[in-house]
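Visitor: Handing you this structure, nothing more for now.
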């Protein structure tokens, strides 16, 4: 059943666990995520970026999620707009049936971010929809939005306190050192957990970790064995994800891991049987690989058996 994002995250906030927020761009990804949620008895945060919506069509994206909710009526599901860049894109998502939206104005100055976020919150709350915002700037590329290392900024906890109080945003993504994509760290992985804990103490709302894909060893190996190139890639270590939850993270965004796992299996089939053109032969193992990544992440973050 479709529910407000806050219905899922406030429970996680109160009980101290994390919920994976999984991106999708087609039916195969969506089906695998729902199957994982069903098998692990976990609530679901389903995400679509502006780019994914452009690719699928917003009505198709919402329609597929609603059909899957009918198939699995016992699973609480939030449908979330990931990295909405304008008021208009958030409003369009709300009108289309999304139950949670993110307004990402982190590239603006603090006051402009606060003003735009407050405007989105008012609109969305009037429609019964939850809102996420971001403070600080993450390095990396997300849906063709690029932030260089020199422009990445960690969150200021005091600003976060004021931002949450004045905007009335439901959950906040503080920049604590992660980055988008498969190349998250140049040296040893490092996240500012003390900063995270201070943000949690001052805001006392659900917090979100962006750029949280781990690139697990088995997923990396499958991709490399199939001829893929991930030279220099580094994900967020599993122990960092667990430590971030202890520090107050309740929503953990995961996209890159899903893409890598899925494409690895597609490459494998293509390499092993060059005469194969039955799409089901490609997508069935790809869905299984993606489902297994999601299931393991649910157990790691603590959302398994939380329905």
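Any Cβ shown, glycine's included, is placed from N, Cα and C.
Here the structure is a predicted model, which means the values were calculated and not measured.
The D-glyceraldehyde 3-phosphate binding site annotation in Swiss-Prot covers 49. Look at Swiss-Prot and you will find 82 tagged as active site, proton donor, backed by similarity to another entry. Residues or ranges marked as Zn(2+) 1 binding site by Swiss-Prot on the basis of similarity to another entry: 83, 180, 210. Marked as Zn(2+) 2 binding site by Swiss-Prot on the basis of similarity to another entry: 104, 134. According to Swiss-Prot, the feature dihydroxyacetone phosphate binding site maps to 181, 211, 212, 213, 253, 254, 255, 256, an assignment based on similarity to another entry.
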Visitor: Have a look at the recorded positions 82, 83, 104, 134, 210 and say which one has the shortest Cα distance to residue 253 (dihydroxyacetone phosphate binding site).
Guide: 210
Visitor: If you measure residue 134 (Zn(2+) 2 binding site) to residue 83 (Zn(2+) 1 binding site) at Cα, how many Å is it?
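Guide: Residue 134 (Zn(2+) 2 binding site) and residue 83 (Zn(2+) 1 binding site) have their Cα atoms 9 Å apart.
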Visitor: Quick check for the class: what is the C-alpha distance, in angstrom and rounded, between residue 104 (Zn(2+) 2 binding site) and residue 210 (Zn(2+) 1 binding site)?
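Guide: Distance between the two Cα atoms comes out at 12 Å.
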Visitor: Take the C-alpha atoms of residue 83 (Zn(2+) 1 binding site) and residue 49 (D-glyceraldehyde 3-phosphate binding site) and report the distance between them in angstrom, rounded.
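Guide: Residue 83 (Zn(2+) 1 binding site) to residue 49 (D-glyceraldehyde 3-phosphate binding site), Cα-Cα distance: 6 Å.
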Visitor: A 10 Å Cβ contact count, applied to the binding-site residues 49, 253: which residue has the minimum?
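Guide: If we count Cβ atoms within 10 Å for the binding-site residues 49, 253, the smallest count is at 49.
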Visitor: Would you kindly give the Cα-Cα distance separating residue 49 (D-glyceraldehyde 3-phosphate binding site) and residue 254 (dihydroxyacetone phosphate binding site), rounded to the nearest Å?
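Guide: So the alpha carbons of residue 254 (dihydroxyacetone phosphate binding site) and residue 49 (D-glyceraldehyde 3-phosphate binding site) sit roughly 12 Å from each other.
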Visitor: Which of the recorded positions 82, 210, 212, 255, 256 has its Cα closest in space to the Cα of residue 49 (D-glyceraldehyde 3-phosphate binding site)?
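Guide: Looking at Cα distances from residue 49 (D-glyceraldehyde 3-phosphate binding site), the smallest one goes to 82.
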Visitor: Would you count the other C-beta atoms found within 10 angstroms of the C-beta of residue 255 (dihydroxyacetone phosphate binding site) for me?
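Guide: Excluding its own Cβ, the number within 10 Å is 25.
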